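Engineer: I'd like to ask you about the structure that follows.
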Amino acid sequence: MSSSTGMDAPGWDGLVFAEEVLEANRLTQYVFASTFALLFFEYMITFNREVHYAWGRRLTWARAMFFLNRYFSLLQYFATFASTILPPSYFRVQQACIVVLFGVWAVFSGLRVYAISGNQMGLTLLVVCLALVPVATSISLDALVRLEIMAIDPFPVLLCIQDSSNVNQLTSTMTHIDSECPVGVATRVPLLLSEAIVIIVTLIQTRNAYLEHPEQQCYASLVLQEGVLYFLAMLVVNIVQAVSDALLETTLAFVCVFLNLIPPIVVSRFYFRLDDLRTYEADREERRSLRWKPLPPTPATPAAMDDKVRYLHEVLAYAENANANA
């Protein structure tokens, strides 16, 4: 009896552990499926604006960054969800998309500060270099990812992802990498410094635009509003992510998954609003260019008139003569 009880205890512990893993994995699937659905819904309701802005037009740096941000973020969230139910290759796709998106956002910040600062290359390179730090740190973190196959009897083999980010941790028994917190801070701080430089330059340049070029107030106001919104979004996302990395709190990590939807949406909406403003300005200029010309004077002599006008003139003359003779 005692031997059978001793054999049952490990089996029962394995069942409890397997149940915890499956329950945590199910919650992870729900969260990732919800974020992908939200992002896909955002893309569907703005698809007509994408067609108006980018389709059938010359491919510029801005439009290239727009397409990369829009579709790599969608691919990243799909791969994130797929990594919970499909082979681990989809997890690698997700990590690659994250690296590409950090690069896209770095170029986006560089283009903004280059245009706002009056083509100052040194300031642009500083912003881009700071914004590219997350690319290097993300690659280094990806190198620390380990994939393990855990056999939990009597259940089939389960795939367990041990990641340097607690977002993908299914249970608290996962191995924690000691270098995670310093690398996480190294990822977030330069990115915030980059956006801080962009917002400071935006504030200074938009103030000068308001004072020196009143006709450009619409563009200055748009750049200022979107710049502040993007900076606040990145500030909130990075602070919450840094706290989540430090505390290893699963609930906070799931909140970060939803917050990470904000940057790609804000970037896409910035391009849409800029396109709307350009369309409005072009229509207004076209309306201003219209000049109504007066109608030409009526010909003074019947010889200059066409046949119908000449016939009408003759009828009126005949009527006047008839009335005069009556």
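Glycine is no exception: its Cβ is also placed from the backbone N, Cα and C atoms.
Heads up, here are the entries from TrEMBL:
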- 27-45: transmembrane segment (TRANSMEM)
- 30-75: domain 'DUF6533' (DOMAIN)
- 66-86: transmembrane segment (TRANSMEM)
- 92-111: transmembrane segment (TRANSMEM)
- 123-141: transmembrane segment (TRANSMEM)
- 189-206: transmembrane segment (TRANSMEM)
- 218-240: transmembrane segment (TRANSMEM)
- 252-272: transmembrane segment (TRANSMEM)
Engineer: Look over the recorded stretches 27-45, 66-86, 123-141, 189-206 and say which has the most C-beta pairs under 8 A to the transmembrane segment (252-272).
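Structural biologist: Stretch with the highest Cβ contact count: 27-45.
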Engineer: Mind looking up the mean pLDDT for the domain 'DUF6533' (30-75) in the predicted model?
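Structural biologist: When the pLDDT values over the domain 'DUF6533' (30-75) are averaged, the result is 88.
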